[in-house]
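Sequence annotations record features per position, and here TrEMBL assigns domain 'MARVEL' to 13-145, 150-286. Among the features that TrEMBL reports, transmembrane segment is placed at 14-37, 49-67, 87-107, 119-135, 147-172, 184-204, 219-240, 261-280.
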Amino acid sequence: AGTMAMATVNLHAVTSWVGIARLFAVVLSCIAFSLVASTGDFSDSYGTWCMFTWCFCFAVTLLVLVLELLELYPKLPLSWDDFTSAFSMLAVLMVFTTSVVFPSIFISSPCSSSECARQAAATTVSFLCFFAYALEVGLTRAKPGDISSFLSTVPGLLKVFEAYVACLIFSLLDTRNLKAGLQWCVAVYSICFIITFLIIIFTIGRCLTYMPCPLEKMLVGYNTLALMMYITATVLWPFYNFQGRKRPDTCGRNCQWDKDLGVTFLTIFNLIAYLVDLVYSTRMVFIRAP
């Protein structure tokens, strides 16, 4: 019985470079949320987001390690490589955002108290956790010419990036009393997010085989449409938001002017992402060797 139990354990899951990167991510995310939890200063929305990020990444990465160690993942009704690639990219984005947001909100100068020291240590550990997830993405990303899962390719990783940036945009939006031009921008963010999210879910759920047309050609058409829509949003959002509107002198942490400026930059980021996505997806269709 002991021999049979040992036969189901895949030690390569924790001894490979990817496994080691995941182990570091588990340990570092655990240390980060433990340090912040010990301070008790994470009650507002920003603190809650940071704690959620560390706990979520810790739990999912630990689950991935356990499932691979015990070789249980083939029994799951999903594409495991696509799932792990999408999650590692999502973790990179979430942990990086948290590593920037947390110190800017909670750490003030001079940092002399023990609470501030723990917050600074948590920030440092969070950045190290980001590098661990970035290493995992680099190790698992499909190389040119590889026959691999879609979400481990550059277009697949960009899909995760585009969906995440859209979520950040939604968190900054104030949809009250929007002008028609701004309503169109919100529609652009929403439509592109829904389609991108569905592509990710269908890929992980192995539903792409039911598509009436090949994935590569569908991506070219969708990325072209999304790029054109984001071009309009990149122009209309700052035009309607900042025309004759200056930043208030009393603009605090939750200042809507700053949030609208953040949406402007995030829109540009997604515009660039969809442009690069279109270039890569076009190469997949027209340049890839048969």
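Note: Cβ is positioned from N, Cα and C throughout, glycine not excepted.
Secondary structure of the domain 'MARVEL' (150-286) per DSSP, as helix, strand and coil residue counts: 109 helix, 0 strand, 28 coil. Look at the domain 'MARVEL' (13-145): DSSP puts its residues at 108 helix, 0 strand, 25 coil.
Across the residues of the domain 'MARVEL' (150-286), the predicted structure has a mean pLDDT of 88.
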